[in-house]
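Here is what TrEMBL records for this protein:
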DOMAIN    48-471  domain 'Ammonium transporter AmtB-like'
TRANSMEM  48-71  transmembrane segment
TRANSMEM  92-111  transmembrane segment
TRANSMEM  131-149  transmembrane segment
TRANSMEM  156-178  transmembrane segment
TRANSMEM  198-221  transmembrane segment
TRANSMEM  242-260  transmembrane segment
TRANSMEM  341-361  transmembrane segment
TRANSMEM  373-391  transmembrane segment
TRANSMEM  419-444  transmembrane segment
Amino acid sequence: MACSIDQLAPFLGPNTTDAVAAASYICNQFSDVSKKFIDTGYAIDSTYLLFSAYLVFSMQLGFAMLCAGSVRAKNTMNIMLTNVLDAAAGGLFYYLFGFAFAWGGPSNGFIGRHFFGLKEIPSDTFDYSNFLYQWAFAIAAAGITSGSIAERTQFVAYLIYSSFLTGFVYPIVSHWFWSPDGWASPTNMNNLLFGSGVIDFAGSGVVHMVGGIAGFYGALIEGPRIGRFDHTGRAVALRGHSASLVVLGTFLLWFGWYGFNPGSFNKILVTYDGVSGGYYGQWSAVGRTAVTTTLAGCTAALTTLFGKRILSGHWNVTDVCNGLLGGFAAITAGCSVVEPWAAIICGFVAALVLIGCNMLAEKFKYDDPLEAAQLHGGCGAWGIIFTALFAKGTYVDQVYPGKPGRSHGLFMGGGGKLLGAHIIQILVIFGWVSATMGPLFYILHKFKLLRISSEDEMAGMDLTRHGGFAYYHEEDHKQGMTMRRIEPTS
């Protein structure tokens, strides 16, 4: 509401010396207060997004710990260094190209055309906090891929694929499904795919499927690690050296996921239905999103615990951790638009999907040390389908305003249009990543830049590529052991 001098002056009474001047002064004061509230709203939303970005970035530490614990001790330094470089190389290339390709509008439906090197930032639509948050997402996709090709990949290959993934492949996908100009974005009101767009709120497809499929091609082209399958084709477990690091990394990822999913609202100070002064608004939807995220992960963890107990006869903490993360990857797409009870269904099925994908991987002699392709690719795809089945119409209209009554979950009475859009999303992500990352890994393989030599792999990359082991051995020190550099044969 605006303060009107003409309307206020008569109420000051005939005894006021200069009613117009007094009214002008009062209105100016109200205007200043109103502007302060606007500034406060921007500050609150920016702080919320920055804090969410910090949480998502902390997931890099979780990835590092999870990867370190899941590989053998002789490759610990190598996998830790690749996680650092995912963030470092990804930061530079996402700054130069990635953010522009993803969000640089106005643009066409395929690729962004503005904001290269953050030019024209800040603007009325984007601030620096938006870049930081989206960069944290981009390097998460690269971190997923690094787990699939662990323990046998040359260092230069990590640098090449990480830069290409964060600077080009991932940003294009995020433009399609998240940018207001994207051809399948739910915020592209001028051209909604099937009248609904794709609801991939925090990235089961955009982040997890992209990283998982990229890792799938890397591991497939490299082939399994030496000793993963014996001469008869039977699978041999090459267990990681530290379950403690796996659990630590899992809890750090769990913690960071509360920035990944709830933070994807970007703003928290938003009212619903134009009603101010109530207890329900976007801040409540943020809380609901955190709850659905939690329930999906917890259900998946318990389902994996008992499922693997039936199959293997053991209570395996590593399997439980992977199951938990599979539940998180699945709920990421629909976390903001489903009921908490539906999240339990999501987590239950996600655990079964992960177990099934791992069984198929063994059958076809596919080796992924962290189960990244199965976890993020398989469970991410299930999360996209789940959202198309269980998205609630009321929540969809609140989270994606501008077109009331748009298509929502099939099982929630919303028809099948959203399901059709989500099937298209799965197909185009698989096709795009296959057409870009598949040839990249194949070219690296042909130029002998992908896999290390068998001698280096047997000795361990910490010794042959990084100058020493990750852990201090007292016995080696007493014996005066001297480590030497082993040059690669290729």
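Even glycines carry a Cβ here, placed using N, Cα and C.
Two recorded stretches are said to be in contact when at least 3 C-beta pairs lie under 8 angstroms, sequence spacing 6 or more; the transmembrane segment (48-71) and the transmembrane segment (156-178) fall short of this definition. With a cut-off of 8 Å on Cβ pairs spaced 6 or more residues apart, the transmembrane segment (419-444) and the transmembrane segment (242-260) reach fewer than 3 such pairs and are scored as not touching. At the 8 Å Cβ cutoff, the transmembrane segment (92-111) and the transmembrane segment (341-361) share fewer than 3 close pairs (sequence separation 6 or more) and do not count as touching. Sequence-distant residue pairs (6 or more apart) of the transmembrane segment (198-221) and the transmembrane segment (341-361) include fewer than 3 whose Cβ atoms are under 8 Å, leaving the two stretches without contact.
Sequence-distant contacts of the transmembrane segment (242-260) (same chain, six or more residues past either end, CB-CB distance under 8 Å): 51-59, 61-70, 73, 137, 140, 202-203, 290, 293, 297, 317-318, 321, 324-325, 328, 332.
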